[in-house]
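Now, the feature entries from Swiss-Prot:
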{"type": "BINDING", "residues": "Gly102, Ala103, Phe134, Asp219, Glu220, Ile221, Gln222, Thr276", "note": "pyridoxal 5'-phosphate binding site"}
{"type": "BINDING", "residues": "Arg137", "note": "N(2)-acetyl-L-ornithine binding site"}
{"type": "MOD_RES", "residues": "Lys248", "note": "N6-(pyridoxal phosphate)lysine"}
Amino acid sequence: MTTATHPYDALMDITARPKAVFVRGAGSYLWDDSRKRYLDFVQGWAVNCLGHSPSAIADALAAQAKRLLTPSPAFYNEPSLKLAQALVANSAFDQVFFANSGAEANEGAIKLARKYGSLHKGGAFEIISFEGGFHGRTLATMSASGKKAFEPLFEPKVAGFKKAKLNDIASVEKLINDNTVAVMLEPIQGESGVWPATDQFLQELRALTKAHGLLLILDEIQTGMGRTGKLFHYEHTGIAPDIMTLGKGIGGGVPLAALLATERAACFEHGDQGGTFNGNPIMCAAGLAVLDEVGKPDFLKSVTETGLLLESELQKVSARHGLGGVRGRGLLLALDLKLPIAPGIVAQAFEAGVLLNAPQVDTLRFMPALNVTRAEIAEMIDCLDAILTKAGAARRVA
């Protein structure tokens with residue numbers, strides 16, 4: 001299959017894609033090869049936290065590319081040392097391992113927990129994760145995930161994962177046994193439809209894991225780097241995990257992820273973990289640029305304010321069209337449509353030049369750039385409102 005200028009069939013057909021081919025991006029907008037402009041409220045699934053091709057990242061990449069691409073992970077390099085120090089200084093953790101993707105960071109978290117169990121808990125290896133959770137597409141992270149669609153795939157799965165119910169502390173407690181080493185979850189389950197763990201539940205979970213000597217692992221791949229109005233979501237809750245993973249926004253569009261751990265949990269020994277591009281100077285230069293921007297005065301305050309504005313506007317849409325309300329935090333929000341019409345709305349919005357996401361058939365997810373403007377929010381809301389009005393009229397006629 002081809003467009004006028006681009007063949008498709010050399011790429012593995014792993015997902016349904018619209019036929020547009022994007023060639024340029026700036027801020028909250030993308031342009032395809034026919035010069036059509038799109039307002040992007042997906043941003044690579046919360047990857048482009050500063051929008052498309054921001055000068056801060058582009059300049060950092062260009063400067064680093066002229067200095068050093070990679071010396072091998074067998075040697076230290078300046079950007080990785082600086083980024084690790086900055087992450088430690090701005091978090092509850094003591095050490096960092098850099099990875100190429102969120103799935104790789106989560107795989108590392110699973111390995112680290114098992115290593116901890118081997119050293120300190122008599123070989124305990126089981127990890128309690130959650131129904132509806134999503135931790136990646138490696139075999140182990142798919143096994144840790146609670147995504148129904150994964151269940152029949154690539155059997156046999158990796159053993160050692162038990163699933164509890166989100167926001168149900170009793171369901172966690174009853175799964176704990178002598179083989180349990182950790183509890184792993186996303187503070188907000190993105191792929192299942194933006195379902196937040198309550199602050200109270202996370203506090204109860206922290207108390208429970210401490211009481212049983214278990215590690216608490218937070219997957220902040222989608223919620224981290226300012227997405228919810230704090231640098232890391234756990235800061236909203238008054239607790240701190242033992243292990244945290246980052247991805248998506250930490251690279252601002254460049255493949256970068258991180259595994260962070262407290263001194264107590266950071267028990268890897270030489271040879272336990274590694275990778276050819278881990279801590280690559282180019283990737284870490286992008287991470288430093290992102291952290292510098294997100295750390296500027298009032299940046300996170302602006303994310304909170306903009307998130308409240310987007311939530312308010314979506315609530316108005318929900319009320320006007322008799323929908324199921326809004327959930328989420330900051331600039332990671334979902335609109336409950338109450339009907340399985342989300343894919344159709346996404347398709348119509350695409351034709352109208354607005355990119356939206358449907359993690360479930362009855363849910364729209366919103367993940368704009370953290371510096372999205374009020375005017376851009378208004379533009380998206382106008383488009384969504386028009387589509388829902390048309391859909392409502394069609395249902396009434398039917």
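Backbone N, Cα and C atoms are what each Cβ position is placed from, and that goes for glycine too.
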Cβ-Cβ distance under 8 Å to Gln222 (pyridoxal 5'-phosphate binding site), same chain, at least six residues away: Trp45, Ala46, Glu186, Ile188, Gly190, Gly247, Lys248, Leu332, Met367
Neighbouring C-beta atoms (10 Å sphere around the C-beta of Ala103 (pyridoxal 5'-phosphate binding site)): 21
Lowest local Cβ density among Arg137, Thr276, which the record lists as binding-site residues, within 10 Å: Thr276
The residue listed as 'N(2)-acetyl-L-ornithine binding site' versus Glu220 (pyridoxal 5'-phosphate binding site) - Cα distance in angstrom: 16
Structural state of Gly102 (pyridoxal 5'-phosphate binding site), classified by DSSP into three states: helix
Residues near Ile221 (pyridoxal 5'-phosphate binding site) in space but at least six apart in sequence (CB under 8 A): Gly102, Ala105, Asn106, Glu186, Thr245, Leu246, Gly247, Lys248, Ala257
